[in-house]
Amino acid sequence: MSISIKNLILDAWNFFVNQIINIIFFSTISAIISSLINYIFLPNRDELFTLANLISDFNGSINNINYLFQKMSIEQKYILFKLSLSNHLSSLVGNAFLFSNIITMINTICDKKRFFNIFNNIILSSSLIPKFLTLIFLISFLTQCGMALMLIPGIIVLIFLSFSPILITKKNISITDSIKISVNITFKNIKTVAPIIFLWLLIKLIILVISSQISINGFLSSVKIFFYLINNIITVYIIIYMYRLYLLSKIKKNKYL
């Protein structure tokens, strides 16, 4: 049985449309969580403008990065730290909530013996949040380390670990095991995994650029929530795509779990 991208896209889209209300609900809650955390830790408008003015003439070379950092005062370094903490923490917690609830929802719906309920889903997924926090932090760390060296290694890391969030919801699968199995599955299905991950990253980059401008210019929080929501909805579609591919791969080889 061959697995084509076209069939996967259609299958994922059908599931996505059928569950659109639940998807919007979880995506909205995740967006609100991310926005609240971002608001709590984000530097105020004056601090952001000060930082923006400092880097306005920065051309991006490594030497200039070192020079810029050395030129910063302790207060400006603290502002940069708060900005970084705000972005990373809001993304980490929001994604942990989103991934745990969406994958739990898919597991429940696929198991026709169980009835899906939003509030029961939140309760069931809450026990998975610590594992997702750890896994997402680890994936983000490895991906950013790869991108710090060169862009391609970071993308490769993300591609090969893309099944691990699905796998850790299975019984007796540790974070380490989920990573190992994810690499194995991805290696066997690289032609159907890589294109969708590349597309997802491109869309996320566009959203990131726009939302970063919103942060610098101090737009309303409701507008930022909207961009978080759009990002979450797109991410959910990718999760559904990857889950469907995982199921088909499991049927095809029947030896991943």
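Cβ atoms are placed via backbone N, Cα and C, with glycine included.
The annotation transmembrane segment is assigned in Swiss-Prot to 23-43 (among others) on the grounds of sequence analysis. Away from its own ends, the transmembrane segment (23-43) comes close to residues 16, 51, 79, 82-83, 85-87, 89-91, 93-95, 97-98, 101-102, 105, 118, 215, 221, 224-226, 228-229, 231-233, 236 of its chain (Cβ-Cβ under 8 Å, at least six residues beyond either end).
For the transmembrane segment (89-109), the residues of the chain that approach it from at least six positions outside its boundaries are 15, 19, 22-23, 26-27, 29-31, 33-35, 37-38, 41, 115-116, 121-122, 124-126, 128-129, 132-133, 136-137, 140, 165-166, 169, 228, 232, 235-236, 239-240, 243, judged by C-beta separation under 8 angstroms. Here Swiss-Prot flags 89-109 (among others) as transmembrane segment.
As annotated by Swiss-Prot, transmembrane segment applies to 122-142 (among others), with the evidence given as sequence analysis. Residues 88, 91-93, 95-97, 99-101, 103-104, 108, 157-158, 161, 164-165, 168-169, 175, 178-179 of the same chain lie 6 or more positions beyond the ends of the transmembrane segment (122-142) yet place their CB under 8 Å from a CB of it.
Residues or ranges marked as transmembrane segment by Swiss-Prot: 148-168 (among others). Tertiary neighbourhood of the transmembrane segment (148-168): same-chain residues 99, 103, 128, 131-132, 135-136, 139, 142, 174-175, 177-179, 181-183, 185-187, 190, 193-194, 197-198, 201, 239, 242-243, 246, 257, selected by CB-CB distance under 8 Å and a gap of 6+ residues from either end.
As annotated by Swiss-Prot, transmembrane segment applies to 190-210 (among others). With a threshold of 8 Å between CB atoms, the same-chain residues lying at least 6 positions outside the transmembrane segment (190-210) that come near it are 3-5, 8, 155, 158-159, 162, 227, 230-231, 234-235, 238, 241-242, 245.
Look at Swiss-Prot and you will find 223-243 (among others) tagged as transmembrane segment.
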At a C-beta cut-off of under 8 Å, are there same-chain residues at least 6 beyond the transmembrane segment (223-243) that contact it? List them, or none. 8-9, 12-13, 15-16, 23-24, 26-28, 30-32, 34-35, 38, 94-95, 98-99, 102-103, 106, 162-163, 165-166, 193, 196-197, 200, 203-204, 207, 210-211, 214-215
